[in-house]
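**Student:** Take a look at the following structure, please.
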């Protein structure tokens, strides 16, 4: 360790870097699509440990300085931020445009090989302009100058060395920060040239469920949402086709100045119509080509839909989770030498996170919960080797697996996420969108379609948390987490007890039918059986239509039970 410290210290003083520190062995990871297309693979650089340590030292110094440079709309590779932030922001934009009858035009920009085409000379200039010392920039430059690489294939064969003169190393710890700083220059190039975007007004001092708080003109803040960025993924938004076209043209020019190229085939447009004013799909042009309009788009792993619901997302979550389960089935879940407790832990660690990815952002209906619960039960029964012939209740399966229902998980995830949003600084986009409404647009008269905050309010009530003062509790992170955990456990216990009581009553009715307590108007005229409802009587009468052409027999020897 001391020798390594001396080596890095010498590198810092002399500004001479050994070739082993910067040279890389590149392996390929398949992304998606045609496996014969080289463009569908991502190259990852394998570096020496000593070179990684030097890069980590540089990254630790650069990251705090980069926070003052990166825009709020950029959430990639930054502490306390993640994909859920941008997914939540995009879904909130969709909900609020639907609620206030405004159209929403979104273009999902895809860059071709963004990390591999970074102009290094421009990057060093940008670092100097944001205040990085010359020695710091020189060390970074030396880590990339005269870099040699080889490609290692799946068979262990290695290519001849070749020189790499552009891009940052995917696999190096400092590469994401360098790329974020480089891509942030885009906003400096487009500053003052963009249309308005989607204007919102917000007020973050609490009372989320009280819309009248936004009527105080002196206490609200107006801002505009134009782009949502996560690393090289960029979404631009507008209320009109003309504004979206102008925004795309401006960004395309800025990307070209930095040496980045757009992938026209993978750049898509999602048009969400205003409910009260439908219009034709837009014909957005980029570099002479018309961009494809889509009804749903996979954004950061979560599917956004023009219908502003999660029906498509749920189907993709189920498909992905099912694939994750069956990838582990033979190796883990069917292995008799592995304990059931371990299998359940693997299920919780791999399958459930896939199933519930970004569930914090969902506006959930009962039909969605049922689909997820059904999948949850099916997986647990396969792991625990419980068949339908065992006639086990869902409650007993959850108890044996020592886990909870999906409904309780969704409740816990959403409440913890919302508490996290409340604690965000006021300049953060997720918080602004949560506490906002559109500057323009009117709601329909009467009840609204279910929104995220409607589901949140229902969850707070289910947990017994005051809907008026919950934000004060959320400001204390540890207290909020404890309250959410205990309330979710109480909710699950009450749900379980309710299911037990419901089942017990059903079994009691089946074992001891009390005909005198049933309404006499639903008595079968053939066998005298009294049905619980009129539709039940119609269903029962069909059982008498088996031996007659007119639909019912003239008499029956049945003693009251359908065949």
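These residue numbers are counts, starting from 1, taken along the chain as shown.
In case you wondered, yes, glycine gets a Cβ from its N, Cα and C as well.
TrEMBL annotations: computationally assigned, not manually curated.
So TrEMBL says this about it:
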COMPBIAS  492-501  compositional bias 'Basic and acidic residues'
COMPBIAS  509-518  compositional bias 'Basic and acidic residues'
COMPBIAS  553-563  compositional bias 'Polar residues'
DOMAIN    10-304  domain 'Reverse transcriptase'
DOMAIN    522-549  domain 'C2H2-type'
REGION    491-523  region 'Disordered'
REGION    544-563  region 'Disordered'
**Student:** Need one number: mean pLDDT over the domain 'Reverse transcriptase' (10-304).
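**Tutor:** In the predicted model, the domain 'Reverse transcriptase' (10-304) has a mean pLDDT of 92.
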**Student:** Please list, for the compositional bias 'Basic and acidic residues' (492-501), how many residues fall into helix, strand and coil according to DSSP.
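**Tutor:** With helix first, then strand, then coil, the compositional bias 'Basic and acidic residues' (492-501) has 10 helix, 0 strand, 0 coil.
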**Student:** Where DSSP helix means H, G or I and strand means E or B, what are the helix, strand and coil counts for the domain 'C2H2-type' (522-549)?
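**Tutor:** Here the numbers are 13 helix, 2 strand, 13 coil.
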